């Protein structure tokens, strides 16, 4: 009998949902199920009616939005012309990944579960709500839920007689084989990130545009704790077009030192070349890896060796380890009972995959090259707000944990290290729509709240609007010190003089009581209410996702009560209406 089919579809923004989906795939294969794992937007959604068994794994981003790689699927699934019995043949389950400190905790998973029921699907289990705030992270909810899921699935599709479940300590076959070749047949175009003279239009992740870096300028004061860079790229002849609110995506590289240390730990020759062969027919190779490819290129530009590894990393390492003591520790870290120990060892100090491999040298030296792409996820492109004609504002991430070496943001540190003054520098990039869409009508005012580097998309928006003669621009900007991190002060002041901009500032450290943008919003309550309620203004918010968005929303609700005379429920409903009609838009990041 053919083995039963299981389809796992994921919508992932940072890779966590994809990691959970891959875990589901591995556990299904151990139970002898034929399983496919795909990103939601890469799956032909019209085929869903023919799938007997589907598990959806989806993160919630921003203020209750679906991840980028499930937005097309999301739009299709909520079409009003879909028949109520469309999915009556489908049994499904939904895993959500979210953070209970946010107002719309796991909003996407909950809404997806309800919609699948509306379309006639049969739920195997209630929706699983993974929570970053749980002491064990999302696994605190996912582990017991998966136990119930496999009981349900194996009740419907028992393991074939005589085969049995493949035990956890036995490694599954790798996704790919690395077939080493004696020498490369010449430099590969994509090894050089080369989307050359006539790039496809527009550039994309598969073939980014190699943009010359024009300037790389620090814009914070020399004594300021944070190194923030304004980086300018030349996109002439690139085929790139964009509007205010779009974002640029840049795939970073690992440092030469880290590449060298990784190759030494695993006994790899960085100059050796290989071709990548999928084990399963039809499986896709990673889009940006050339054929043939050097080990150096694979490690420098594809494997996220500077990322903090997830539990699945330790599970596979334990399977591959020939060393009794190291294997025992790896098994502890990969068990449900060992998650607190794993958190203390890895997540809390932000220990990288490379540092873990150096801590387990006997295991690292025994890793078969075929398992490299199973063990270490790909480097994810980083998204940056466009500050004007592809000027990008980048805050360089660096902080200290109990580990000796400071933690550094991979992409921001790499970009900051590039110096076009020392010779030509080219950076692979492409552009996609962002979360912010500014009104085209000349008479519509905009209120923008952009503390810190959150102001970047608003610089682009103000430039565009002023060029069109749109002068109803109110900007709330916040930073620590007027003389250290007040980005584009001279430009804002000039626009103020010309009557094109109203600027309201909050310098949080320049007085005994800290003053933030939300405080200034309340102070300017009459103007904010006038613009929103009487002039139909749109409200935009960009910046750090931790506390600021909630504080700004609370300030707005307070303005609606005090200036509009609304009750608490009416003020909350007014804000919700602004969000539904896209007159309140946010773009936030962790």
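Counting starts with 1 at the first residue shown.
Using N, Cα and C of the backbone, Cβ positions are placed for all residues, glycine too.
Per TrEMBL, domain 'Flavodoxin-like' is recorded for 6-150. The FMN binding site annotation in TrEMBL covers 12-17, 59-62, 97-106, 132. According to TrEMBL, the feature domain 'FAD-binding FR-type' maps to 206-440. Feature annotation from TrEMBL assigns FAD binding site to 350, 382, 383, 384, 385, 409, 410, 411, 412, 589. Per TrEMBL, NADP(+) binding site is recorded for 453, 508, 509, 514, 515, 516, 517, 518.
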Number of Cβ atoms other than its own within 10 Å, given for residue 516 (NADP(+) binding site): 18
Helix, strand and coil residues within the domain 'Flavodoxin-like' (6-150) as assigned by DSSP: 58 helix, 35 strand, 52 coil
Within 10 angstroms of residue 453 (NADP(+) binding site), Cα basis - binding-site residues out of 12, 59, 99, 102, 385, 410: 385
Rounded mean pLDDT for the residues that make up the domain 'Flavodoxin-like' (6-150): 90
Which listed residue (102, 105) has most other Cβ within 10 Å, given these are binding-site residues: 102
Cα-to-Cα gap, residue 12 (FMN binding site) vs residue 509 (NADP(+) binding site), nearest whole Å: 37
Cβ atoms near residue 518 (NADP(+) binding site) (within 10 Å, other residues, all chains): 24
